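Engineer: So that we are looking at the same thing, I have put the structure below in structure tokens.
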Amino acid sequence: MSSRSYKRVLLKLSGEALMGEDAFGINRSTIVRMTDEIAEVAALGVELAIVIGGGNIFRGVAPGAQGMDRATADYMGMMATIMNALALQDALKHKGVDTRVQSALNIDQVVEPYIRPKALRYLEEGKVVIFAAGTGNPFFTTDTAAALRGAEIGAEIVLKATKVDGIYSADPNKDPTATRYARISFDEAIVRRLEVMDATAFALCRDQKLPIKVFSINKSGALKRAVSGEDEGTLVHV
């Protein structure tokens, strides 16, 4: 049985990850598989918080938002993350995982507002906490929300779940000689111009000395291995 390497982690899930093989929306088999992985990690005693994106439903920078006021489009994207958070909470509930959703936008009939002390208490009680609506402000990505919430709750690491199994020297889909980094420093990533997160999120993690691990959400058991400190994905460190 794997042991946990981290006590408290922040998991960043993209909305696109929920689509599976579908063109948009939430793929049921995909979200069930994800909740299996999350439940397995929660069972280790890891205090787990999640920031989820909304790109499977709407993105403020997507072609569909062209001609729209950027702030309005971003608020629509934030509401999409709330829909995803509720879907994830429901799926986790069916796995017996006690989960709370906190939103940076107030929709009192549906979700709790984000209140840091309450979020910390939930984590200490062993509940999974899903942070929705990004930072609550337009012009900021959910990557930035993940960095911000990770710093606020005192997470030991941000786990960024993507479609690739780490950070590569080049695009592995275009360059067969591309190699995966097992570890790389923040400064090295900047020098090599590797896109780990958007610049604001990356700078916040670096300034707060909050490491990032990039791994594939599509690999079975990858989340548990990442939490257990095994050689999974790429670790970005100070």
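Note: Cβ is positioned from N, Cα and C throughout, glycine not excepted.
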Engineer: Given that Swiss-Prot annotates Asp74, Thr135, Gly136, Asn137, Pro138, Phe139, Phe140, Thr141, Thr142 as UMP-binding, name the residue from Gly45, Gly54, Gly96, Gly166 that shares the site.
Structural biologist: Gly54
Engineer: Compared by Cα position, which of the binding-site residues Thr135, Asn137, Phe139, Thr141 is the closest one to Gly55 (ATP binding site)?
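Structural biologist: Nearest listed residue in space: Thr141.
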Engineer: For ATP, with binders Lys12, Leu13, Ser14, Gly15, Gly55, Arg59, Thr162, Tyr168, Asp171, what's the maximum Cα separation in whole Å?
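Structural biologist: It comes out at 26 Å between the most distant Cα atoms.
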Engineer: Using a 10 Å radius around each Cβ and counting other Cβ atoms from all shown chains, which of the binding-site residues Gly54, Gly55 yields the largest count?
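Structural biologist: That would be Gly54, with the highest Cβ count within 10 Å.
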Engineer: Counting only other Cβ atoms and using a 10 Å cut-off, which of the binding-site residues Ser14, Asn137, Thr141 scores lowest?
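Structural biologist: With the binding-site residues Ser14, Asn137, Thr141, fewest surrounding Cβ atoms within 10 Å: Asn137.
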